Amino acid sequence: MADKKIRIGINGFGRIGRLVARVVLQRDDVELVAVNDPFITTEYMTYMFKYDSVHGQWKHHELKVKDDKTLLFGEKPVTVFGIRNPEDIPWGEAGADFVVESTGVFTDKDKAAAHLKGGAKKVVISAPSKDAPMFVVGVNEHEYKSDLDIVSNASCTTNCLAPLAKVINDRFGIVEGLMTTVHSITATQKTVDGPSMKDWRGGRAASFNIIPSSTGAAKAVGKVLPSLNGKLTGMSFRVPTVDVSVVDLTVRLEKAATYDEIKKAIKEESEGKMKGILGYTEDDVVSTDFVGDNRSSIFDAKAGIALSDKFVKLVSWYDNEWGYSSRVVDLIVHMSKA
């Protein structure tokens, strides 16, 4: 007998919300039962889901609006809410056990806990959180305990960096390191120069500029891999591409290793324990080659360099939208088995 599907609700139908929905609808072990977004109508929700400038048109089910409160994916009904206050969303009635909190607004434990009042059993925040435990699938998800009701799936960049850093640290030891992510545009940026009081550079036109920015992704690796706490930090350059980003991790190693030995170690892990999370390529790839890649981190063997046998620069690609959304669902599946 087939196991009961894991029932998922999504709060916030932005880039990650919509792509998590796409991932869920293409899998057999999970089921989308409800979506909440107070800022869009059901009809507009259908349009936003169906057409995607990066990932293309949805071709798996016919999509219809049954009524204001119901979408049909093929024959499958999905309940739609338009409720502003998370505690008022009746997840329980809709049958949602897990809620993906992808508004970007309710990222701390207290705010995300509001979903539990409406009947959700667990909440996964699709962003870093200052106080919810963070999990990176392939790195520390085994530390999840079933009494944790609110967790964070960390950031897309932490999901790219952590598997790579784990392999390097396990095999060779990391003394210290700096990360740079060359990162595609995201929704918080501006199409033309505009006001951005908290981040002045971030208010400059996204499609015209390389914009230096801060990121907590490298420090967050220290939360999911405590042995690296205080050893990594990093920054970001926002560049005018719409999806796919790349991490440059420059580290000092404890144990001397040739670049070939490092490549071999990463390749082994990518075919072993980390298969499906960490990838490995020796092809002459560029960013668009990774659109739709569901792995968290794809090591580019040809792009990295070594200065000496203890000082190396490693390069790893990630589809910051699709890879990350895939991990959100993987984390939920893992939690449901705990």
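Each Cβ is built from the backbone N, Cα and C atoms, and glycine gets one as well.
Copied over from Swiss-Prot, here are the features:
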- R15, I16, D37, R84, N320: NAD(+) binding site (BINDING)
- S155, C156, T157, T186, T215, G216, R238: D-glyceraldehyde 3-phosphate binding site (BINDING)
- C156: S-glutathionyl cysteine (MOD_RES)
- C156: S-nitrosocysteine (MOD_RES)
- C156: active site, nucleophile (ACT_SITE)
- C160: S-nitrosocysteine (MOD_RES)
- H183: site 'Activates thiol group during catalysis' (SITE)
8 Å Cβ shell about S155, C156, T157, T186, T215, G216, R238 centroid, D-glyceraldehyde 3-phosphate site members excluded: T181, H183, A217, S236, S245, N320
Other CB atoms within 10 A, centred on R84 (NAD(+) binding site): 10
Integer Cα-Cα distance in angstrom, T215 (D-glyceraldehyde 3-phosphate binding site) to H183 (site 'Activates thiol group during catalysis'): 10
Set of same-chain residues at least 6 away whose C-beta sits under 8 angstroms from H183 (site 'Activates thiol group during catalysis'): T157, S213, T215, S236, F237, R238, V239, S245, N320
For R84 (NAD(+) binding site), the three-state class that DSSP assigns: coil
Nearest of the binding-site residues (I16, D37, R84) to T186 (D-glyceraldehyde 3-phosphate binding site), judged by Cα-Cα distance: I16
Residue from R15, I16, D37, R84 whose C-alpha is spatially nearest that of C156 (D-glyceraldehyde 3-phosphate binding site), among the binding-site residues: I16
Candidate nearest R84 (NAD(+) binding site) in space, where candidates are the recorded positions S155, C160, G216 and distance is Cα-Cα: S155
Fewest-neighbour residue among binding-site residues, criterion Cβ within 10 Å, set S155, T157, T186, T215, N320: T186
Spatial neighbour of D37 (NAD(+) binding site) that is closest, considering only the recorded positions S155, C160, G216 and their CA atoms: S155
Rounded to the nearest Å - Cα separation of S155 (D-glyceraldehyde 3-phosphate binding site) and I16 (NAD(+) binding site): 11
For G216 (D-glyceraldehyde 3-phosphate binding site), the one of R15, I16, C160 that lies nearest, given that the recorded positions are compared by Cα: C160
Most distant Cα pair in Å, residues R15, I16, D37, R84, N320 binding NAD(+): 27
For D-glyceraldehyde 3-phosphate: widest Cα to Cα gap among S155, C156, T157, T186, T215, G216, R238 in Å: 16
Whole-number Å value for how far C160 (S-nitrosocysteine) lies from I16 (NAD(+) binding site) (Cα to Cα): 16
